[in-house]
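**Q** What TrEMBL lists as region 'Disordered' is 52-74. Among the features that TrEMBL reports, Zn(2+) binding site is placed at C88, C90, C110, C113.
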Amino acid sequence: MASRLLRACVVSTQRLKTCSALRPLPRTFATAGIPTDEEQATGLEKRTLQSLKHGKDPWSIKKPQTYAGTKDDPHIVPSVGTKRLVGCLCEEDNTAIIWFWLHEGDMQRCPSCGSHYKLVHHELPH
Ligand SMILES: [Zn+2]
């Protein structure tokens, strides 16, 4: 009785091996690898990844660039309009923020600390 069961198991495992060798393997992580974010992204996420690939940052998700605030390297303030309200924290440990309107055109300076600011026109991504 035990030998019959053992023989049946041996035969079935041999069939399984031969059958799986003939059939092509289905897509698995082992054969195709783990899909990347770009391969599995859809919709808005896919458009965002494509924009980042081309060096664009449509949703401002990258870390903001830092500026010295000098005349040669002014703080760049993006705006969709012609003016924007800017708050300058003049020194690191200040508790008060100096607010002023920044207009399109030439650079402006903070009335308190004198840092330079420049408004740059920015298009919305949609
Ligand atoms: Zn300031």
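Cβ coordinates come from backbone N, Cα and C, glycine included.
TrEMBL entries are annotated by machine, without manual review.
Just so it is clear, the model here is predicted, and its values are computed rather than measured.
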**Q** Applying a 10 Å Cβ distance cut-off over all chains shown, what neighbour count does C88 (Zn(2+) binding site) have?
**A** 21
**Q** Starting from each candidate's C-beta and looking 10 angstroms out, tell me which of the binding-site residues C90, C110, C113 has the most other C-beta atoms.
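**A** Sorting the candidates by Cβ neighbours within 10 Å, the top entry is C110.
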**Q** Sort the residues of the region 'Disordered' (52-74) into helix, strand and coil with DSSP and give the three counts.
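**A** DSSP composition of the region 'Disordered' (52-74): 2 helix, 0 strand, 21 coil.
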**Q** Please list, in sequence order, every residue of the chain apart from C88, C90, C110, C113 whose Cβ lies within 8 Å of the Cβ centroid of the Zn(2+) site.
**A** L89, E91, I98, P111, S112, G114, S115
**Q** Secondary structure at C88 (Zn(2+) binding site) (DSSP, helix/strand/coil)?
**A** strand
